[in-house]
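Worksheet for the structure shown next.
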Amino acid sequence: MGILGLSKLIADLAPQAIRESEMKHFFGRKVAIDASMCLYQFLIAVRSEGAQLATVNGDPTSHLMGMFYRTIRLLDNGIKPVYVFDGKPPDLKSGELAKRAERREEAEKALKAATDAGDDAGIEKFNRRLVRVTKEHAKEAKELLTLMGVPYVDAPCEAEAQCAALVKAGKVYATATEDMDALTFGSTKLLRYLTYSEARKMPVKEFSYDKLLEGLSINSREFIDLCILLGCDYCESIKGIGPKRAIELINNYRDIETILDNLDSSKYTVPENWNYKVARELFIEPEVANAESIDLKWVEPDEEGLVKFLCGDRQFSEERVRNGAKKLMKSKQAQTQVRLDSFFKTLPSTPNATNAAKRKAEEAKKSANNKKAKTSGGVGGRGRRPK
């Protein structure tokens, strides 16, 4: 689910935190990608360039086709991806998972009705809702990535949290996912639409964590409370409080405890046994592997291994797989080129640091104006007559 309404709230109130770019803008960047999100996107694909998307036994292969060609495209554009796979979901997520199971049951009933009625559009719609990423899909994807020479990380818990940890440790530039809660976990950069197909022509949308905090006039702790009010995977939200009201409450009271002390109980009903404090701690201290100790290596692909894995029962074209392997090799050789800014260490900015920089800039500007005034308009000066 991510965070309900967060993307629009940022677009409305902190538009400076969002930048749209072409994929090539991220040349030379290392990016942590939410693998489960990618696999889901690939599994719901009906076709990919006219190729078969199933084995001879009818098992889906669209996740492998998507992973193979989309990863090649990223590397072609000079991006070095590392895929992060989900581990065991936190206990707090059980409520959200139960809701998903209910929606799945409803989709199964709706699919049966659509099938009985011969409703092709309905059949496609509800089939998509029944798609889920299994352990087998993830296992196959990891095997493929190993053969491609692309690293992956097994997160102990939530992939978005692990991606954010890699970003904060300076191992990668950004998190690539469609789930906005990567920002709640503290990822300083979030990329959306990075793994979308080229045919969709969607520019990559980059969110800056520091700029959104500045634009919303809140700090990181207050941002977490805002996300809980908006609605997250780990606890219920207060019914009736939408995005606009949520940011107003945070700006006025700064935390959920003070909001609850001042909330109009005749208008809003707080969920019984609301475990927002546990959800908050999960965002502050998520279960992640030590990012500092994770060694990311991009190595040469195993062409023969790829042919053996993807062709045969999985029915991939050997010619296309070999062409893909050659592209991987070419991109590996081109990785000696680096971004100019990679030679400089960028210190993480904070709202306080940003405000201090603004004040310094304003003072410098004022000082320069004063000097200019003295030079051009002082006694005995031969300044220009104002036009």
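Each residue's number is its place along the chain shown, starting with 1.
Here the Cβ of each residue, glycine as well, is placed from N, Cα and C on the backbone.
Of the residues D34, D120, D210, D225, Swiss-Prot puts just one in the Mg(2+) 1 site with D86, E158, E160: D34. Going by what Swiss-Prot states, the Mg(2+) 2 site holds D179, D181, and the candidate of D154, D233 recorded there is D233. The stretch that Swiss-Prot tags with region 'Interaction with PCNA', taken from the ranges 111-119, 255-263, 309-317, 336-344, is 336-344. A Cα-Cα distance of 16 Å separates E160 (Mg(2+) 1 binding site) from G231 (DNA binding site). According to DSSP, G231 (DNA binding site) is assigned to coil rather than to any helix or strand. Take the Cα of G231 (DNA binding site) and measure to each of the binding-site residues D34, E158, D179, D181: the nearest one is D181. The residues near the Mg(2+) 1 site, meaning same-chain residues not in D34, D86, E158, E160 whose C-beta sits within 8 angstroms of the mean position of the site's C-beta atoms, are S36, M37, V84, A155, A159, A161, Q162, C163, T177, D179, A182, in sequence order.
Proximity to D233 (DNA binding site), defined by a C-alpha to C-alpha distance within 10 angstroms, is shown by none of the binding-site residues D34, D86, E158.
Nearest neighbour of D179 (Mg(2+) 2 binding site) by Cα distance, taken over the binding-site residues D34, R70, D86: D34.
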